[in-house]
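Have a look at the structure below, then the notes.
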Amino acid sequence: MFPFTESAVDRLDHIGEKQLLRFIQEWLGAANPPYPRGMGDDTAILPPPKRKHLLLTNDSLVWKRHFDETASASQAGAKLLKRNLSDIAAMGGHPLHAVLALSCGADLSLKWLSEFFTGMAECAQQYGCEINGGDVSQAEPGSFGATLTLLGEADQPVLRTGGADGAWIWASGSLGGSILGHHLDFQPRLSEGQWLAARPEILAMMDITDGLSQDLPKMIPDGLQARIDLSLVPVSDAARAAAQDSGKPAVLHAFTDGEDYELLFITRPGIDPQEFEAAWRKQFNHPLTAMGSLCSAPPPNGSAPSKVVGLDGGNLFEGEGFEHFRIQR
Ligand SMILES: Nc1ncnc2c1ncn2[C@@H]1O[C@H](COP(=O)(O)OP(=O)(O)O)[C@@H](O)[C@H]1O
Ligand SMILES: Cc1ncc(C[n+]2csc(CCOP(=O)(O)OP(=O)(O)O)c2C)c(N)n1
Ligand SMILES: [Mg+2]
């Protein structure tokens, strides 16, 4: 749905900021706890956490960058929260509290915004986190950007880095073709991340947002490289459909499309991958795939060795995938 309106009575400047805040409180419903833990004061007042570590993250949702008119307003609202939940999942954490900063034109449709908030509120209830407050700010007509900051907690957060020679590389779910729908309808892998964080085998974890080709290199310690068996990469049906249109290999889509919101993680060397996968299958319905392993990188020969290679040692899709402010050559 298109977020902006020509109607004089459906726009934000028909009601003004104070009424907008009252509406936001109504739209958020039970996802916004009672004052002063929820909306209404200079800050929200939160109870102390129960677990050892606090986790703090934010992500934004920008019109024409992260969603367009093919998304419903409620999908857009849920997506903003789920993008943040996916980061908490990637640490093995539990989400707690969120604040939301909204910056948009006065021509934003009230109907659209109400559905944005109810979509987000429903998602917050589903995943057990609160929307405790936020901020609104007027921007140019036709613009919409929202940033959500999410606080979570974990006893044993899992970092991105921490691999060793011979360690296995895994991905949950399947990858690629997200623009065909998955970028809106994904489920953040919270239970999966929490389960993985408690396993003794786990060394490192992150979520895949920019595509395997951008994100996997972020996990590889110096001196090591990821050796991936391309035939094992979990290519999604959407990646195959995208490949039909683009004429490119489906596995390239799996590596570079991004917004998979799946977990990418590394387990220690010497484990039995079949046993690990069987333990996962007892808990979760979607697939888990070991795609390759870490090995020592060849000594640099002029340039740094590739971070991600195929079974033949050739580099895989280096530099491709999603990047904001990509350098134009
Ligand atoms: N504008 C910013 N100010 C401060 N830190 C930032 C900013 N943008 C990104 N970072 C930090 O850079 C690191 C890498 O970010 P990135 O790889 O983009 O994470 P993700 O893809 O999960 O959002 C993170 O620690 C993030 O908090
Ligand atoms: C209209 C639109 N264009 C393009 C995309 C594809 N896309 C947008 S952002 C992105 C990558 C992930 O977003 P980013 O802001 O980098 O998230 P982060 O890595 O910080 O979690 C992709 C693949 C989309 N979902 N919608
Ligand atoms: Mg990114």
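For all residues, glycine too, the Cβ spot is worked out from N, Cα and C.
Here is what TrEMBL records for this protein:
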BINDING   ASP42, ASP87, ASP207  Mg(2+) 3 binding site
BINDING   ASP42, THR57, ASP87  Mg(2+) 4 binding site
BINDING   ASP59, ASP87  Mg(2+) 2 binding site
BINDING   ASP59, ASP135  Mg(2+) 1 binding site
BINDING   HIS66, GLU259, PHE322  substrate binding site
BINDING   GLY134, ASP135, ARG160, THR209  ATP binding site
BINDING   ASP210  Mg(2+) 5 binding site
DOMAIN    40-152  domain 'PurM-like N-terminal'
DOMAIN    177-247  domain 'PurM-like C-terminal'
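Feature annotations (TrEMBL) mapped to structure.
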{"residue": "ASP42", "record": "Mg(2+) 3 binding site", "CB count, 10 Å": "7"}
{"residue": "THR57", "record": "Mg(2+) 4 binding site", "CB count, 10 Å": "20"}
{"residue": "ASP59", "record": "Mg(2+) 2 binding site", "CB count, 10 Å": "20"}
{"residue": "HIS66", "record": "substrate binding site", "CB count, 10 Å": "19"}
{"residue": "ASP87", "record": "Mg(2+) 3 binding site", "CB count, 10 Å": "23"}
{"residue": "GLY134", "record": "ATP binding site", "CB count, 10 Å": "20"}
{"residue": "ASP135", "record": "Mg(2+) 1 binding site", "CB count, 10 Å": "10"}
{"residue": "ARG160", "record": "ATP binding site", "CB count, 10 Å": "18"}
{"residue": "GLU259", "record": "substrate binding site", "CB count, 10 Å": "22"}
{"residue": "PHE322", "record": "substrate binding site", "CB count, 10 Å": "16"}
Between GLY134 (ATP binding site) and ASP207 (Mg(2+) 3 binding site), find the distance joining the two CA atoms and give it rounded to the nearest Å. 26
The average per-residue pLDDT within the domain 'PurM-like C-terminal' (177-247) comes out at 97
Using CB atoms and a 10 A radius, I'd like the single residue among the binding-site residues ASP207, ASP210 with the highest neighbour count. ASP207
What are the sequence-distant neighbours of THR209 (ATP binding site), meaning same chain, six or more residues apart, C-beta distance under 8 angstroms? ARG83, SER86, ASP215, GLY258, GLU259, ASP260, TYR261, PHE322
Does DSSP put GLY134 (ATP binding site) in a helix, in a strand, or in coil? strand
10 Å Cα neighbourhood of ASP207 (Mg(2+) 3 binding site): matching binding-site residues from ASP59, HIS66, ASP135, ARG160: ARG160
Check the Cα distances from ASP87 (Mg(2+) 3 binding site) to each of the binding-site residues THR57, ASP59, HIS66, ASP135, ARG160, ASP210 and keep only the ones within 10 Å. THR57, ASP59
Shortest C-alpha distance to ASP135 (Mg(2+) 1 binding site) - which of the binding-site residues ASP42, THR57, ASP59, HIS66, ARG160: ASP42
